[in-house]
Structures are given as C-alpha cells and as structure tokens.
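A.B. asks: I am attaching a structure below and will ask some questions about it afterwards.
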Amino acid sequence: MSATFNFCAGPAMLPKPVMDKAQSELLDWNSMGTSVMEISHRSKEFIALTNQAEADLRQLMDIPANYHVLFMHGGGRGQFSAIANNFLGDKGRALYLVDGSWSSAAVEEAKKLVGEENIDTINIVENNNGINSVVLPSLSNIDKDYRYLHYCPNETVDGIEIFDTINSPWPVIADMSSNILSRKIDVNQFALIYAGAQKNIGPSGLSIVIVRNDMLSLPSLPQSSIMDYKLAVKHGSMYNTPPTFAWYLAAEVFAWLKVSGGVDSVELINIEKAMRLYQCIDELDFYKSGVAVENRSRMNVTFQLVNAELDNQFLEEAKQAGLVALKGHRSVGGMRASIYNAMPIEGVIELVKFMQTFAKKHS
C-alpha cells in the first residue's frame, strides 16, 4: 500500500511512531493485560502516565513553576466559554483581537456570557488588493481596565499566523490550538495558553490549559464544575473522569517530540516544510496566496487555483496521488494544506511535486 499523506486541518494526522506504538499495545498496555482505555483514571499506572505527560510538556515548553498545566474536556470552543466564565465575574471586561474565524468565534461566545458591553474588539487584519496582513495596534493609549487580552496567533481557516509579540498592559490569553509546540515561545509572556489537542497534541476531546497562578484569583461567574479552573487545579485535572485515551496519546506525542529533538528541532523542520510549499505557490502563476508573506501560517498553508473551475479536479487527482484533505474551509474555499508537526517533510515534497505536475498539465 502506497503512503497517504493527510493534510486535514483537524482532527489531524498523528506521528506514525505514536500510532504504531498505540496499535501494538492497544490490548495490553504497560503489561497490565488490559487496554489503557479500560483502566481506572485513578490507578497508580495511569497517574504515573499523567505525571510524565505534564513533566514532558513542561520541559518541551519550558513552563515556569508558577503555571498550572491542566488536561481538560471541551476543545477550543469549550475554552472560549471557560475563559470568560473563569475571569469575567463582577462585570469584568476583556479585549479581543480579531484576525480570523476562530478569534471571532471566541468573541461571540464571550458576548453570550457577559454581554456585548463587556467585550471590546479590534480587527487586526487589513486587506490590500486581495492580500490579508496583520497590523497590531498600539495598546498603550487605551485607558480601560481589562481583565485580559485574548488573541489567536494562528488562524487555521484563513492561513494567518502572528509571529510578533503582543505588547499588552493586560494579561495575555492565547488560543494556540493550531500552533502549540510548533515553534519556541516564551510562556512568561502569557497569562494563559490553551489548545484543543486535535492538531499538534493528539486526538479530539482533550484540551490543554496552561494558566498562571495569579489568574485564578480573578472573580468568576457561576459555571459548570468541569470547566472551573480552580477545581481542575485542586483535583489534578481529575474532578471528573477525563478523556483517558486522548491523554495517553498526548503523552506519547510529547515523548515523540522529545525524541525528535524537542521544539527547537521541530521548528526548523516546520520552517522548511512551509518554505517549500509557499515557494511552489509563488513561483507558479497557476496558484496564488491571499496572505502577506510575513503573516503566512507555517501550519495551515491556504492557497487558490487561479482557475477555480479546476478545484474539484485538483482535489480528485491529489486524492488519487495519496494526498488527501486539501479542500479549503467551506467559508473561504480554495485549498488548504495543514502541515502540523506530525506531517513529515516527505509529504510536503510529494505535494509540491503534484502541484507542479498539475500546473504543467493544465496550463
């Protein structure tokens, strides 16, 4: 069977060594005679797994001791509401920077919970002649007492990534669902980082929250206990039964990242993958990108065929070549190649070859 490269935006492909290991021990994990899916989340064996997972993530991201690491339910959308509920009690206000679909969705969820009057927004994307670019605003002259500033550094739908530091007088919260562990960051610059697991961490159903301890003293709203950060901290992310298999796979992904050289090494590979793909798009008149060079995502490469009538044929021939899930999000159309950490560079090389051949064939 020839290799298939899965460019799905999420749930995304997992590293093959992780999948192979999970397959080999699915029915007998840790020599227990049972699957990891079948054991108690409070057993000493599973607790050891969770402790190692947190230790590995702390090492990979250099997470300081004054930050808690939580493994929670709900994915990114669950955290949209959890953030507002945990931090915006007593009529708290927040500022949201909007650079695409997911930051917009976070805004709408927060407004539902605390009202439009308590959520301010700034659109930070400008479109010039069909090219989107990010323009970060000066925040020093805004005289408002926000509990936090929220933004999404990588917008999967739009293919936009923010690499610059957000200089904010308020605590910064970042939705890193799609670029966590893809490049080195300074965790100290953030009050909270959250990520749905299904892109760079593991399967869907799990979310990671990295929250600075002082944030837990902010007034909160009444909410579901399973999304209460204070309760999650108090109970070691086990106030209720967690998604154990997703946690297990996340632990294996963290271990794989360490063996692969850590975030520094993975970042270099991610730069190379994105460079090859964008170079192909730019060099051929057959394709076009709608994102400014400085804001092109390394994780989600969006592009269009100049002749959109060939879109379906492109997708069908790509599928026949073992290159799947390249269709752009339904809200924007075009193509999208999601090249998260698990995508080997060989997959990008094969995609570039296909794009070159397809362009030559139909030019």
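Using the three backbone atoms N, Cα and C, a Cβ is placed for every residue, glycine included.
Keep in mind that what you see is a predicted model, and the values were worked out from it rather than measured.
Found this in Swiss-Prot, in case it helps:
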BINDING   Arg42  L-glutamate binding site
BINDING   Gly76, Arg77, Trp102, Thr156, Asp175, Gln198, Asn240, Thr241  pyridoxal 5'-phosphate binding site
MOD_RES   Lys199  N6-(pyridoxal phosphate)lysine
A.B. asks: In Å, how large is the greatest distance between any two Cα atoms among Gly76, Arg77, Trp102, Thr156, Asp175, Gln198, Asn240, Thr241, the listed binders of pyridoxal 5'-phosphate?
C.D. replies: 31
A.B. asks: Out of Arg42, Arg77, Lys199, which of the recorded positions has the smallest number of neighbouring Cβ atoms within 10 Å?
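C.D. replies: Minimum Cβ neighbour count within 10 Å, taken over the recorded positions Arg42, Arg77, Lys199, occurs at Arg42.
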A.B. asks: At the level of the C-alpha atoms, what whole-angstrom distance separates Asp175 (pyridoxal 5'-phosphate binding site) and Lys199 (N6-(pyridoxal phosphate)lysine)?
C.D. replies: 13
A.B. asks: Just the number: how many Å between the Cα atoms of Thr241 (pyridoxal 5'-phosphate binding site) and Lys199 (N6-(pyridoxal phosphate)lysine)?
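C.D. replies: Cα to Cα, Thr241 (pyridoxal 5'-phosphate binding site) and Lys199 (N6-(pyridoxal phosphate)lysine) are separated by 23 Å.
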A.B. asks: Can you give me the same-chain residues 6 or more apart in sequence from Trp102 (pyridoxal 5'-phosphate binding site) with a CB-CB distance under 8 Å?
C.D. replies: Gly76, Cys152, Glu155, Thr156, Val157, Asp175, Ser177
A.B. asks: I need the nearest neighbour of the residue listed as 'L-glutamate binding site' among the binding-site residues Arg77, Gln198, Asn240, using C-alpha distances.
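C.D. replies: The answer is Asn240.
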